[in-house]
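Some features that TrEMBL has for this protein:
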type	residues	note
COMPBIAS	B:329-347	compositional bias 'Basic and acidic residues'
REGION	B:1-79	region 'Disordered'
REGION	B:314-355	region 'Disordered'
TRANSMEM	B:94-112	transmembrane segment
TRANSMEM	B:145-166	transmembrane segment
TRANSMEM	B:173-195	transmembrane segment
TRANSMEM	B:207-227	transmembrane segment
TRANSMEM	B:234-250	transmembrane segment
TRANSMEM	B:256-275	transmembrane segment
TRANSMEM	B:399-419	transmembrane segment
TRANSMEM	B:425-444	transmembrane segment
Amino acid sequence: PALGLFLFTIARDPLRIIILIAGAFFWLVSLLLSSLIWFIAVKASDPRDEPLQKGLLIFGVMFSVLLQEAFRFLYYKLLRKAIEGLVALSEDGCSPISIQQMAYVAGVGFGLMSGAFSMINLLADALGPGTVGIHGDSQLYFLTSAFMTMVLIFLHTFWGILFFHGCEHRRWWEIAAVVVMHLAVSGSTFCNPLYVGSLVPSYLLMAAAAAWAYLLSGGSAQNLRRFLLCK
Amino acid sequence: MLTFMNNSDSEEEPCNERTSLMSAESPPVPSYQDGLQASEAGEVQAHRKRRTGSSRSPNNVADGDMSDSGVPVRESASENEEEELTLKYGAKHVIMLFVPVTLCMIVVVATIKSVRFYTEKNGQLIYTPFSEDTPSVGQRLLNSVLNTIIMISVIVVMTVFLVLLYKYRCYKFIHGWLILSSLMLLFLFTYIYLGEVLKTYNVAMDYPTLFLVIWNFGAVGMICIHWKGPLQLQQAYLIMISALMALVFIKYLPEWSAWVILGAISIYDLMAVLCPKGPLRMLVETAQERNEPIFPALIYSSAMMWTVGMAKPDTAARGPSQQTWDAAEDGRENHRNPSHADSRMSETRNPVPTRPITSFEELEEEERGVKLGLGDFIFYSVLVGKAAATGSGDWNTTLACFVAILIGLCLTLLLLAVFKKALPALPISITFGLVFYFSTDNLVRPFMDTLASHQLYI
């Protein structure tokens, strides 16, 4: 579905593709830094201590989430400046791409990159021979991974919109809400392989974020009804 | 600067590649440039758009009968319109370069992942005589550095040789050399490649069919690249030979040497393009002085221009008919990229409001693309291919390098807009790519593997 989003909404406009790739790049850099921190922590600690490793992993995850949001903020700043430049260039005072579109594209960029990194090794291994969950792990590993990745991509998109909106209107609570939601989703994955604990809350959060972003972008229940009925 | 698309093979001709990125026009008008730069803050997309704007402006201004009326009008009223229009087109040009680079990388990565042949070590090129199977790390490092030095010096010598030939107008020799090398590429490497692919998928093909296929492929390729042909077909062929070349490099360069060579080449590229006595810079300047295009076999251009039989070689004629005007030199090709047709452009382009007519007296819109050297394609693909081949078979690394290279390309194009002269395309992208490769391979991979094994998501 994320690929469909990409094809239908982004691939037409080259500017959006550039913003997408840049968004992916920013996510990548944040991942790099967070894994650097984790790596240092792991190297500095005892590799045989299981709970410590688990704890470090959790710490790494949380830190990575925070870094991702920080980079989203940096990306927002960069795009702000770019918008000013575009506005100055254009003839009628409004840029060819609005900040909301940029938010959407940036969110998709982040999401695609995170999804790709989460899924692609799995997909490559899925092509090969093997049995899922042979060591007593869950047999639904691939399925749940796929769903989780999808929900994460969508969430990143919505968070992008919410985040930028919050930055635009200086509503810090919105930004904080995004960060908290991200932490919650990542934290819920700690319940894996108890999939109920992670998938269900994530989907609920996604629905909430989707509705919120939709409302923020100017939609309303009436629009939705009109769209669904009179096409 | 130029890209010399030659083949280096183990035993055959000594050739090499050069790379750079060139904006395909004569030096821009200073006044327009200043006006341009004053109106913008330094932003990412803005610069990118400006590149196209400035790339188009010299053509307008350079035109003899338009220059006087052109400049003041442009600077006042139509400047904003042009900027506005160049926004989308600027981004479009970046995409026009993204797509072929992406395609080349995809081809290389797909081949590396599926065909075993290119990851087996079957010997080395004679340009890298030192083996890397040495027991100690220090020895290996030393060998790779020595390999790099030899390779780079070979490349330098060839480039200087080519530049000298160009300076002294030995066109026949250069053409013959290029034809020979592209001949070899198209036939020999394609044969090997096809053979390996067929072997991998266990598809049988008899020799007559093979001969027919390769002959057709090669013949059409030669015609397309060196003579005339549809633009997209030419682009496709250039992408294919870049991919083939990159595959050869990936196969025949030992590991550490490959990385050191990549680093050294980007440094060399930087110097060769930017230093006043650099060979590539001299080549481009000479080409611009003589108003000739650089050999089509070495450069990937995203759009071609009409060349009209007038004093200004860079004017373009618009229209559906694809007529070819032969210019003085034989290397010039005139094709039109129909996807860039836009009537708005032509109206705002001309200070004198003219209709888009296919008359070559009037200055119509030109579709100027950005030119990227083929060696750039090759080395980008080598980087990504090596990442795919040796990065523990990890897709994350490949993806990370891919994004890094694209971002480097964006930044380079941005700088092109700022500086408006030929720039080396390698350094930034290769630096990003190398940094991301090594860091992803060593840092991110354990992290992501651990996360995936616990099915955690960040």
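From the backbone N, Cα and C atoms, a Cβ is placed for every residue, glycine too.
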Interface check, the transmembrane segment (B:399-419) with the transmembrane segment (B:94-112), three or more C-beta pairs under 8 A: yes
Maximum Cβ pairs under 8 Å to the transmembrane segment (B:173-195) - stretch from the list B:94-112, B:145-166, B:234-250, B:256-275, B:425-444: B:234-250
Stretch with greatest number of CB pairs under 8 Å, the transmembrane segment (B:256-275) reference, B:94-112, B:234-250, B:425-444 candidates: B:425-444
